[in-house]
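Data first, discussion second: the structure below is written as structure tokens.
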Amino acid sequence: MVKISVLQHNPALHVPIRPGDPTPVQRNLNPSMHPFAKARERTRALNAAKLDKIFSKPFVDSLEGHIDAVEVLTKPLESLTTVASGSWDGGLILHNLHTRSEMLKLPQAHKGKISGLCFADPKGSRLLSCGVDRNVRLWKVGTGDGEDDSGASSQEPLHVYPWKTSFNSIDHHRSDPLFATASSTVQIWDETKSAPVSNLTFPTSNETVSSVRFNLAEPSVLASVGSDRTFTLYDIRTGKAERRVVMQFRSNALAWSPTLPTMALLASEDHNLYTFDVRHMAAPVQIYKGHVAAVMSCEWAPTGVEFVSGGWDRTVRIWSSREAGGKEKGPGGREVVYHTKRMQRVTSTIYSSDARYVLSGSDDGNVRIWKAKASDKLGVITARERASMEYRESLVKRWSVDKDVGRVLRTRHLPKSVYKAGQLKHTMLEARRVKDERRRKHTRAGEQKPVAEKKKTIITEQS
């Protein structure tokens, strides 16, 4: 009898070959058979870095509709497509990022500049706005997600909260019907009452509060920055200011980290950004240098890994919070800089809820949409394309310390005015450093000790 063995077919081992795919080749993985493997990998990394620069087209679109400078941008927590913007002309526009259209337009929401916007609920069905007309208005708006938009938008406010002074900023509590406003003091309001339920201020303080934000993890804690160069922490349970620090320069904006509850980001007039751990406020955790004019806005990405800033140098910059000051959002060694010829001074910046896009509002009245990663492809990406992109990204990260690859990654194009201002700023800072070094050299030993850069930013800490 003859025995016949039958080979079993395993469909898992069969990889279908599409038309145009290269013929599979069997490779010997023995390292001794590939003496030039590292040289080939370096060449691929260099080409990947160049391709990343070639395909870097960050600008996506511009949302028009305002006739004056865009002062503030905000988004709801649970919506991917809704963004609200407020302008100096008192106009309020609700944008849909998916269709890039206007969902709601209120040309005269306030008489004068709108200085603050925030959504009153996570889904974005109600919107709070404040301005220099000394009023806070509560609006009913649509989310644009198609869930509950029937008759949602209204041209008349649901409620108006008048006060004696103009407002500079506003923020809503995460869960309770409370919101905080910033004027000469920080005030806590209840949505059901027409007057503030409490006033929060630091003793002997005579400041104008420019920005106020509730903590994302502990909503009872909020922070503010003011015109007297202070960064202050409050607790609405005790009804008073707990701690504050006085800095060398005033801060213009404030943002809490979504992943590290104790980390706060400040945008300062001295062209820098600072991250503070509120448990240890004697010195900032990190200083981020790069802007050549006052930084007017800052916002964390929902991932908590990057943040975006905008300033009077007419640039939008994306930073990595995991790196030291002045590092890029990825391999390379510098922050990512976005700019256009027509964009004027940037007054507000935010991330989209999916962290894929960055939005900026500027003095020219436009809300611009940028890619969070300049070389990202818009549209459908196949599995083969994604694998190729991840392979190139890993190559660039591995070879970023190489001289040529690093040079390509660090190369960036800046406006001539920004470049010259940066060179002048570098010269002045270097002259200051040399002057301090010579002063210490020609004084008695031990009389003057060098002070860390982080220590110089804080004048005093008060509690």
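Cβ from N, Cα, C; glycine included.
Annotations in TrEMBL come from automatic prediction, not curation.
Looking just at the repeat 'WD' (107-149), the mean pLDDT is 85. The repeat 'WD' feature in TrEMBL is assigned to 107-149 (among others).
Residues of the repeat 'WD' (288-320) grouped by DSSP class, helix first, strand second and coil last, total 0 helix, 19 strand, 14 coil. What TrEMBL records for 288-320 (among others) is repeat 'WD'.
Marked as repeat 'WD' by TrEMBL: 339-380 (among others).
Counting residues of the domain 'Sof1-like protein' (372-458) by DSSP class, helix then strand then coil, yields 54 helix, 1 strand, 32 coil. Annotation source TrEMBL lists domain 'Sof1-like protein' at 372-458.
Among the features that TrEMBL reports, region 'Disordered' is placed at 434-463.
Annotation comment: TrEMBL describes 444-463 as compositional bias 'Basic and acidic residues'.
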Intrachain residues whose Cβ lies under 8 Å of the compositional bias 'Basic and acidic residues' (444-463), provided they are six or more past its termini: 202, 229, 242-248, 274, 281-284, 287, 436
Counts of helix, strand and coil residues, the repeat 'WD' (107-149), according to DSSP: 0 helix, 18 strand, 25 coil
